[in-house]
Amino acid sequence: MVKLVFARHGESEWNKANLFTGWADVDLSEKGTQQAIDAGKLIKEAGIEFDQAYTSVLKRAIKTTNLALEAADQLWVPVEKSWRLNERHYGGLTGKNKAEAAEQFGDEQVHIWRRSYDVLPPAMPHDDEYSAHTDRRYASLDDSVIPDAENLKVTLERALPFWEDKIAPALKDGKNVFVGAHGNSIRALVKHIKHLSDDEIMGVEIPNFPPLVFEFDEKLNVVKEYYLGK
């Protein structure tokens, strides 16, 4: 059976500070760096050998991928980066403290923005310091596909082509795959993989550690799902 390992990036500096991060390119905290290394150690202990790895274009996921593969003694494995694996774009909430946002907009409204499947947060202005429209890493994209805010529904619509074009074909080809990504881009793909309803996915949380493993049959039906080390 082929294996797909999802590793959410280790704790970031903004996770630690309780800030909405989204597409802001925030680094790992010291704890997050260690979580990424520990993820790789668990992979090595489990004897999982990868043929292909994918990650986003955000440094916290890229570093997690590299650190985990290094700790697993598999740093040679090919890694492809894609914006389609980026975290959900939190729009105008990006950079705001979650508690302060609740004070400003109300607990209920912020909860809806965070947890609703299809409600968008306020859009990020194009002149915002965190806007992707002026970020060189997205220069090859048509401006119309760069989001100003996303919910989980839109995140799945954005990530799904990468699943269908890259990840799923690799798995069907018998390759074990590592995906170093983000809480919500992983949740979106888990929704698709497990055929979860819009309501069911809202109760799913992806921790920074440990990695989540799916084992598939040749038709990509889930045979087994578990967290490494548990």
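Here the Cβ of each residue, glycine as well, is placed from N, Cα and C on the backbone.
Keep in mind it's a predicted model, so treat the numbers as computed, not measured.
Taken verbatim from Swiss-Prot:
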- H9: active site, tele-phosphohistidine intermediate (ACT_SITE)
- E87: active site, proton donor/acceptor (ACT_SITE)
- 8-15, 21-22, R60, 87-90, K98, 114-115, 183-184: substrate binding site (BINDING)
- H182: site 'Transition state stabilizer' (SITE)
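Sequence features annotated in Swiss-Prot and their locations in the structure.
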residue: R8; record: substrate binding site; Cβ within 10 Å: 29
residue: H9; record: active site, tele-phosphohistidine intermediate; Cβ within 10 Å: 33
residue: E11; record: substrate binding site; Cβ within 10 Å: 21
residue: W14; record: substrate binding site; Cβ within 10 Å: 19
residue: G22; record: substrate binding site; Cβ within 10 Å: 26
residue: E87; record: active site, proton donor/acceptor; Cβ within 10 Å: 26
residue: R88; record: substrate binding site; Cβ within 10 Å: 27
residue: K98; record: substrate binding site; Cβ within 10 Å: 13
residue: H182; record: site 'Transition state stabilizer'; Cβ within 10 Å: 27
residue: G183; record: substrate binding site; Cβ within 10 Å: 18
Point to revise | Secondary structure of R88 (substrate binding site) (DSSP, helix/strand/coil) | key: coil
Check your understanding: Quick one: Cα separation, G183 (substrate binding site) versus H9 (active site, tele-phosphohistidine intermediate), in Å?
Key -> 8
Practice item. Quick one: pull the CA-CA distance for W14 (substrate binding site) versus E87 (active site, proton donor/acceptor), whole Å only. Key: 13
Exercise for review: Would you mind reading off the Cα separation of G22 (substrate binding site) from H9 (active site, tele-phosphohistidine intermediate), to the nearest angstrom?
Suggested key: 13
**Study point:** Secondary structure of H9 (active site, tele-phosphohistidine intermediate) (DSSP, helix/strand/coil)
**Key:** coil
Exercise for review: Using DSSP reduced to three states, classify W14 (substrate binding site) as helix, strand or coil.
Suggested key: helix
Review point. Taking Cα atoms as reference points, which of the recorded positions R8, E11, H182 is nearest to E87 (active site, proton donor/acceptor)?
Key: H182
